[in-house]
Structure formats: C-alpha cells, structure tokens
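Visitor: My questions will all concern the structure given below.
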Amino acid sequence: MGEKDSETAPIWGKAHQRESNIHPMDLESSAPLSGQHRSQNQSRSSYEERGRGVKEFRSWFSWLVPCFVVANVVVFVITMYVNNCPKKSGDCFADFLGRFSFQSTRENPLLGPSSLTLQKMGGLDVGKVVKGDEGWRLLSCNWLHGGVVHLLVNMLTLLFIGIRMEREFGFIRIGLLYLISGFGGSILSALFLRSNISVGASGAVFGLLGGMLSEIFINWTIYSNKVVTIITLVLIVAVNLGLGVLPGVDNFAHIGGFGTGFLLGFVLLIRPHYGWINQRNAPGAKPHKYKIYQGILWTVSLLLLLAWFIAGLISLFNNVDGNKHCSWCHYLSCIPTSKWSCNREPASCTTPELGNQLTITCLRNGKSGSYILANSSDSRINTLCAQLCR
C-alpha cells in the first residue's frame, strides 16, 4: 500500500536524531549569503536530510488488521446463527435476541455459543486433528471465540497493537506474524490441552506482543529509550500470562503464540542499523546495512522456528501427550486453588430415562438432576450434563 510523506519513529520508542553529514561546498556557494537565501538553503538542507530516512521508517496505511477484526466479528455472528440456542437447547440467556441468544451463563459465562457449536465450526479438537485428519482446525480455531467477552477483549487488544505495528512494518510482515503466531499457539495448545476444545485469537495477539519485544533487540541501535520500553512490554506480557492460569483460559495458546511471535520478530522485523541509515548517502565508504549481531539473531531464530514447527507437528500427529513428558507443565495453564478446580476432563453423564422423566448424573462429581423433557435432543442433554459437571 502507499506510504505517507512523513518520517515516523520506530514502533515502541524514539529514534536517534539523525546527524548532519558535511559535504564540500563549491566556490559559488562559499560566497556570503543574504539572510533570506541562507534561510531557504537551510530549510532545503533540513528537508533533504529528513528525507534520507523516510523509506527506512515509512508509515503504511493500516487496512489488514481492521479486516482481521471484521472477519472475527463476522465469524462470531455466523457461529451464533448456527448455535440457535432457542431451538437446540431452550435454556438461553438474552432470549430477546431470538436465534442469536446466548447459551445460559451457567454453561457459558462468556455470553456465547455451546461447546458443541464451537466444535462444529472448527474449534481445536485434538482427537479430530489427530484421528480425523482435520489439521485445518489448527488454523480455523484462531477465528472462533467463546463469547462476546472473549471476542471484545481480543479485538480491542488487536486493534491497539496491530494497527500501530502495521503502520510501521506493512501488511505483509504483520499479516504473516499474526497468522503464523496463531498457528504456533494452536500446536502447543494441542500438545497439552488434550480434552478441551480451544478457540480464540489470543495466540495470534500474543504473537504480536512477542514480535514487538524481539524487534527492539534486533533493531537495538535505533532506539533511545529501549530499557523502559522492554520493561513495559515484559510487564504487559507477564500480567496477561498471569491471568492465563485461571481456569477456562488456554494459556498454552498464549505461550505458544508469544514464543512463535518472538522468534518470528527477529526474522520479519529486522531493520538496517542506525549508522547505515545515517551515512548511506554520505560520500565514500559506508558501513554494512546490518550488524553482525543482527545476522546472528536472524539466523538462530529462523532455525529455532523451523525446528519448533517440525518437532511440534511430528509430535502432534503421532498423538504425543505433552503432559506425560512434563509433569508440571499443566500448571502453566491453570493453578488449582480452594476457589476452583483445574479438571479439564470432558463432561460425561449417565442418562437413564423413565417415561418422560430424564435423570442425568455426572460421572466426574456425582451430581445428578431429574428433568421432564418433551424433546430430549442430544444437544439439550449435553448442555444439562455440562452444567452438572461444572
């Protein structure tokens, strides 16, 4: 896309002020100048000096990130249309929305569809990925959300971070960073969360945060307040990962997305160092475009990224359970307390039926309930089972 005719600073900090290069003057220019001519020449020189760095820090028009947001919203609306709570469940929240009403808050406190609908629409179900050859779910799950609350949090974060990054680096690099990070988050989630359906753009959004952090390291020389910037970013990531240990949150997708984005940032967001930008139009020899440390970071990150994807996909499609190789890793996604349980086993119930009375008993906790159902559909029974097993 087109670029604006103005120079912008790097995304998370102020750039160094550019030093003026001194060029020999010809004989005509060495004569005394009037105040007006001197002012015009100084303005022209200043404009040319600023123009040298425009293409290094150009400002792109952001359109891809808003398109991502619109796509996520549209998919959520379609998901709610397919969910059709009044017909398939009957126990709904916000009935005035008709077909678009939400599942009961006991089943889905995020104000959204049922887990069965999310599975049908492409949620990350490890069993279907491994045994059903449905690897596309590793991508489709990033466009689904568990509810309005889930969607709102992710989209506001995406707009705040993504638009600024796209303006700095363009839609191609940020688009790749977003999509590949989401895929990396799905792989780690599938390796450790074996029984639950996982959805959400959180892995991709965390990938943008990871890319922002690695971009500072690989473009170290162009920042003047990098220490403060790094501390701020680390605190933001730490707080969000800390919230991920609450039950019902897929923190493995967050960690996988962040790690993938961090490595990918070294590869996609590399910029020429400050010395090259400042001296590239100066006469005589000029420094190399990239410093040695930038080349090393780029190479190591690319190799680690390829190794992670190859090892992760091979392990996943060989049905490897990451929890069996890391006994403590489950604490990264949920820490049990007296207030909640981290049991993620799927809801399973017995459903003996006598006449028009149905008794449902959760096998996990022993809770049971009796219901008189005119139409005991599988969807309605699964909803009641999920409520009892919560």
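Placed from the backbone N, Cα and C atoms, the Cβ positions cover glycine too.
Remember, TrEMBL labels are computer predictions, not curated facts.
What TrEMBL records for this protein is below:
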- 1-48: region 'Disordered' (REGION)
- 31-45: compositional bias 'Polar residues' (COMPBIAS)
- 60-81: transmembrane segment (TRANSMEM)
- 134-269: domain 'Peptidase S54 rhomboid' (DOMAIN)
- 143-163: transmembrane segment (TRANSMEM)
- 175-193: transmembrane segment (TRANSMEM)
- 199-220: transmembrane segment (TRANSMEM)
- 227-246: transmembrane segment (TRANSMEM)
- 252-270: transmembrane segment (TRANSMEM)
- 296-317: transmembrane segment (TRANSMEM)
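Neighbours and distances for these, please.
Guide: As a whole-number mean, the pLDDT of the domain 'Peptidase S54 rhomboid' (134-269) in this prediction is 91.
For the transmembrane segment (175-193), same-chain residues at least 6 beyond its ends with a Cβ under 8 Å from one of its own Cβ atoms are 64-65, 68, 124, 126, 129, 137-139, 141-142, 162, 165, 201-204, 206-208, 210-211, 250, 252-261, 264-265, 268-269, 308-309, 312-313, 315-316, 320-323, 329-330, 333, 344.
Away from its own ends, the transmembrane segment (199-220) comes close to residues 10-13, 68, 72, 118, 123-124, 141-146, 150, 154-155, 157-158, 161-162, 165, 174, 177-182, 184-186, 189, 226, 229-230, 233-234, 236-237, 240, 250, 253-266, 268-271, 273, 293-294, 297-298, 301 of its chain (Cβ-Cβ under 8 Å, at least six residues beyond either end).
Long-range contacts of the transmembrane segment (252-270) within the same chain: residues 169, 173, 176-177, 180-189, 191-193, 198, 200, 202-215, 217-219, 237, 240-241, 244, 290, 294, 297-298, 300-302, 304-305, 308, 332-333, each at least 6 residues beyond the stretch ends and with a Cβ under 8 Å from a Cβ of the stretch.
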Visitor: At a C-beta cut-off of under 8 Å, are there same-chain residues at least 6 beyond the transmembrane segment (296-317) that contact it? List them, or none.
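Guide: 126, 129-130, 135, 184, 187-188, 190-191, 214, 217-218, 259-260, 263-267, 270.
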Visitor: What does DSSP give as the helix, strand and coil breakdown of the domain 'Peptidase S54 rhomboid' (134-269)?
Guide: 107 helix, 1 strand, 28 coil
